[in-house]
Amino acid sequence: MGEKKPETLDFVKDFQEYLTQQTHHVNMISGSVSSDKEAETLQGAGTDSDQNGLDHPSVEVSLDESAGMLVDGFERTFDGKLKCRYCNYASKGTARLIEHIRIHTGEKPHRCHLCPFASAYERHLEAHMRSHTGEKPYKCELCSFRCSDRSNLSHHRRRKHKMLPIKGTRPSLGNKKMWGVLQKKVSSLGYTRRTLINLSPPSMVVHKPDYLSDFAHEIPSIQSEAYESLAKASHSGVLSRDPQELMVDNPLNQLSTLAGQLSSLPPDTQNPASPDTGPCPDEKPFMIQQPPPPACASAVSTSVAQSSSPASPEGRPTHNHRNCSPMAGPSSERSGRTSTPSISNSQPSTPAPALPAQDPQLLHHCQHCDMYFADNILYTIHMGCHGFENPFQCNICGCKCKNKYDFACHFARGACCQHASRCAFRRTDDHVAK
């Protein structure tokens with residue numbers, strides 16, 4: 001028992017000296033002398049313990065109740081973190097806490113010797129000095145953008161390339177090499193903008209945009225290269241196709257990409273396909289079809305069923321490639337001369353009723369609604385419903401519609417009949433009043 005007590009006193013002395021040295025060190029760094037009295041109190045407590053002796057229970061209680069104890073000049077919390085004296089912020093490291101305290105005190109010790117810039121953080125001064133030296137160590141992997149700060153690079157990736165930070169493991173070096181090879185293959189294909197490749201598996205697969213079906217008959221190679229797989233497009237055959245590793249850019253950027261690629265195609269490829277020529281063997285169009293609204297389809301089918309007389313030579317065929325019509329157009333000639341109604345939409349494809357097989361040359365075409373009539377009388381009646389200045393304004397009641405679908409639904413709802421009955425009733429009342 002007599003040998004253990006001096007060892008305990010030596011340990012307490014060393015601990016008190018360590019606390020004193022750390023306190024003076026912190027005071028020299030922060031420039032504050034407010035904790036001198038606390039250090040003297042700790043030293044006085046140490047001398048008293050040397051003179052009067054120190055029993056073990058007092059030391060154990062002071063270490064257990066260390067929530068309010070000053071260590072290194074700062075107050076510690078119950079979990080051992082250093083607590084800020086101005087707010088509830090706590091940190092494990094002293095340097096991080098000192099930087100935080102400078103927010104309250106307004107101290108900015110890190111100053112630029114070339115301009116009046118000053119900051120409380122050393123890393124901010126390092127980033128500022130790069131503006132004087134012109135150094136830009138952070139480079140974007142998708143383009144030639146370079147910057148001097150990491151936060152600017154993250155903002156550039158989110159704003160320019162629509163890349164969101166994904167939680168998970170970082171891609172390995174092999175994935176980075178594979179990504180670089182894919183980017184070279186894509187750039188060799190002549191894209192104006194590079195396709196984004198997500199090295200970590202995304203949460204969902206991006207579906208093919210619907211409006212790209214307008215270019216299905218003109219650029220079949222782009223469809224297979226951009227949407228089936230980039231590895232299949234590259235003739236090396238080194239990379240395997242994995243649909244989860246490909247992330248298509250947003251629709252607007254992809255549309256501009258296809259438009260630029262279309263402008264760079266040869267003249268013979270840009271010409272629209274004639275109805276006599278069949279589809280290319282490599283063409284794999286992803287046209288999504290949907291039946292028209294029930295009311296509109298019934299009205300149009302009735303008009304076509306009632307028409308039996310041949311069309312006059314005034315009918316002019318227009319071989320446009322829009323697939324957003326409630327009635328089928330000559331775009332379906334490439335598949336067996338059988339016209340089917342098709343609407344490019346994001347809904348899954350469903351079978352649609354087929355119209356009687358008839359030569360599109362004999363059909364009358366409404367360019368506003370993209371509808372075809374086999375009878376000249378029905379065509380004339382339909383064209384009389386369009387306004388002169390605004391084709392989507394009803395010529396009967398004057399109702400202005402947004403597009404051809406709203407225009408067709410306007411007649412399907414019978415709004416014109418109700419308006420005509422009201423007008424006739426008003427004219428009758430006026431006649432009776434007179």
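Yeah, the Cβs are placed from backbone N, Cα and C, and that goes for glycine too.
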Which range, 18-41, 138-161, 234-257, does Swiss-Prot list as zinc finger?
138-161
Counting by DSSP, what is the helix, strand and coil composition of the zinc finger (82-104)?
11 helix, 4 strand, 8 coil
Secondary structure content of the zinc finger (392-419), with strand meaning DSSP E or B:
14 helix, 3 strand, 11 coil
